[in-house]
2 protein chains.
Amino acid sequence: MAEYVASGPKVAVIGVTGAVGKEMVNVLHDRAFPLSELRLFASERSAGKTLETSYGSKTIEAFSVDAVAECDIALMAVSGDFAKEYAPQLAAKGVTVIDNSSAFRYDADKPLVIPEINPQDVGDARIIANPNCTTAILAVALWPLHQAYGLKKVLVSTYQAASGAGAEGMAELEDQARAYLDTGVAANKVFAHPLPFNLIPHIDVFQDNGYTKEEMKVTWESRKIMGLPDLALSCTAVRIPTSRAHAETAVIETERPCSPDEARAILSKAAGVKVVDDPAAKVYPMPLNASGKYDVEVGRIRQNLVFGDHGLEFFVCGDQLLKGAALNAVQIAEVVLEQRTVAA
Amino acid sequence: MAEYVASGPKVAVIGVTGAVGKEMVNVLHDRAFPLSELRLFASERSAGKTLETSYGSKTIEAFSVDAVAECDIALMAVSGDFAKEYAPQLAAKGVTVIDNSSAFRYDADKPLVIPEINPQDVGDARIIANPNCTTAILAVALWPLHQAYGLKKVLVSTYQAASGAGAEGMAELEDQARAYLDTGVAANKVFAHPLPFNLIPHIDVFQDNGYTKEEMKVTWESRKIMGLPDLALSCTAVRIPTSRAHAETAVIETERPCSPDEARAILSKAAGVKVVDDPAAKVYPMPLNASGKYDVEVGRIRQNLVFGDHGLEFFVCGDQLLKGAALNAVQIAEVVLEQRTVAA
């Protein structure tokens, strides 16, 4: 499939008033995505409003299939229900949809892509799923280690930021932190419980097996993206009072012997990853530094005490809105463009 | 050894101006510890000051070996260096010292005790070590599961509160959270980095194997307390912006098959533990609820996906100043009293 002229595709961002949609526009501009036109869509409620963007003042349009169908690529940052209804209609009209929801991630015929790992899966798909934020941030570190050592078991615990619940989540954390400091009490509407100075071991809905859907996403999506359908991976997902960077502990058991020094060398050459691992100098991944960055920080790399020379333990931290969402979506668009562009 | 008359021992709390020392006094009173006299000690700097306590207004005395030696039991909430210097001197004068520092925890001839697990280890020791907070909170949940299934592997990630760094840590979190909300910047003095809206995967000093001393404490102390010198246990310890309750994820592999329902039943009968596990009703362990409570909350109990029917995954949360410190110390004093009291 080679369909775009070199003058660049027309790009739509759908759901542009949300935290992820806004970052999609920023990332397109920052990475100089060679678009010929950018159109911004949201619900009827926001239509006609002006949005200040990296591209200057832009007017938000009301979403309609016909309007978006005038574009070549649509980045969707909307609910799963909305995506399920409209992405197929757009795809039928020739638009390549890159969807940030979980609506299509588990469909066998729809690629789920992290460009550092499985760009080849894009193929000629019209709907491409963008992974769960926690999965994307973890998988860029897991993949090079899998290539070197072979993953056998993966055990994950997460420290997830408020931004996973969107702009409303970030605002609730900040507003309720103020309330808590002033009155000793915080309220909650977006989150299941008050988040400031607390944590909540509950993200997305509970499944029959006792895991949350968020936790199962990390298992299901890691398997699909890395092409390891039987990978043994479990996760506990916990919301903590940080703003927009997710952190995760990971313990891996490997098929072949591994060493921390070698793993550091491997990861320091890996795309999308930055080794931040100098404990003596108090240097390790933290939301304070990883927020606003494209690369996922990896550190605290050490030989795991339980699995010995066939095990590693480490800590990752990445921006939930960037590698966890908007950046990865734009990177997918870059892969699409590269694979489908013809000379003018 | 049976030395105390039924009228009750004289008790000293050393380091009473700190967060743990204060809670020791509260807990002694709350549990109606049958003391005949309570004396409060701190540094020269605090001597003569009046402290409002559950026992009424009490004057703080300057610490001296001779003054404390007038007591039968001394609860120490001081630095390891201080404990190392003075606990042996007090013990030599017949005082039973229950020390909250890590100074004596790894001495083969000194008991390290969690009363729900190994009260028999108290014996006739004059120095008894109180465990690390993270260890104590985890071990009360691990022990009944070990008895039922046999622990083979344990993988832990922690979500530790500011109180682990004492009253100064709690104050820094609150003060700097205000600063961050007002100015967008938080400072740090107690912690290695600013803590509000951040996390720090670094507690205590780094060891040669890449683990922190805090992480190794969980391994070393769990082994000693449960009498499992070869237990395979690893931990990543992370400070997060909560005030005084530690939380932890745990994955265990067991010798014998296990099930979540059975584990819940076992834990619901276990001392020191409260099963808080009704996900459908959004009920699971959280700092918001576990703070100020004696029991460690255990929930999110499920069959682990990696170890299958020989594995469980769960979440614990306990008050760092109570079960993690003051409560366990007072419980040790209760064991001492019970084992050594004679009729008047």
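Just so you know, glycine gets a Cβ as well, placed from its N, Cα and C.
Taken together, the residues in the domain 'Semialdehyde dehydrogenase NAD-binding' (A:10-125) have a mean pLDDT of 97 on the 0 to 100 scale. Annotated domain 'Semialdehyde dehydrogenase NAD-binding' per TrEMBL: A:10-125, in sequence order.
Taking the Cβ of A:S163 (NADP(+) binding site) as reference, residues of its chain lying under 8 Å away and at least six apart in sequence are, in sequence order, A:A19, A:G169, A:M170, A:S243, A:R244, A:Q320, A:L321. Marked as NADP(+) binding site by TrEMBL: A:T17, A:G18, A:A19, A:V20, A:R45, A:S46, A:S163, A:G164, A:Q320.
Around A:R105 (phosphate binding site), the same-chain residues six or more apart in sequence whose CB sits under 8 Å from its CB are A:L112, A:A129, A:P131, A:N132, A:K217, A:W220, A:E221, A:K224, listed in sequence order. The annotation phosphate binding site is assigned in TrEMBL to A:R105.
Other Cβ atoms within 10 Å of the Cβ of A:C133 (active site, acyl-thioester intermediate), summed over all protein chains shown, number 28. Under the three-state DSSP scheme, A:C133 (active site, acyl-thioester intermediate) falls in the helix class. Look at TrEMBL and you will find A:C133 tagged as active site, acyl-thioester intermediate.
Annotation source TrEMBL lists substrate binding site at A:Q160, A:R239. According to DSSP, A:R239 (substrate binding site) is assigned to a strand segment. Other Cβ atoms within 10 Å of the Cβ of A:R239 (substrate binding site), summed over all protein chains shown, number 26.
Feature annotation from TrEMBL assigns active site, proton acceptor to A:H246. The number of other CB atoms found within 10 A of the CB of A:H246 (active site, proton acceptor), across every protein chain shown, is 30. Reduced to three states, the DSSP call for A:H246 (active site, proton acceptor) is strand.
Of all residue pairs in A:T17, A:G18, A:A19, A:V20, A:R45, A:S46, A:S163, A:G164, A:Q320, the annotated binders of NADP(+), the farthest apart have Cα atoms separated by 26 Å. Counted within 10 Å of its Cβ, the other Cβ atoms near A:R45 (NADP(+) binding site) come to 10, all protein chains included. Proximity to A:Q160 (substrate binding site), defined by a C-alpha to C-alpha distance within 10 angstroms, is shown by the following recorded positions from A:T17, A:R45, A:H246: A:H246. With respect to Cβ neighbours within 10 Å, the binding-site residues A:T17, A:Q160, A:Q320 differ, and A:T17 shows the lowest count. In the shown protein chains, 23 other C-beta atoms lie within 10 A of the C-beta of A:A19 (NADP(+) binding site). In the three-state DSSP reading, A:Q160 (substrate binding site) counts as strand.
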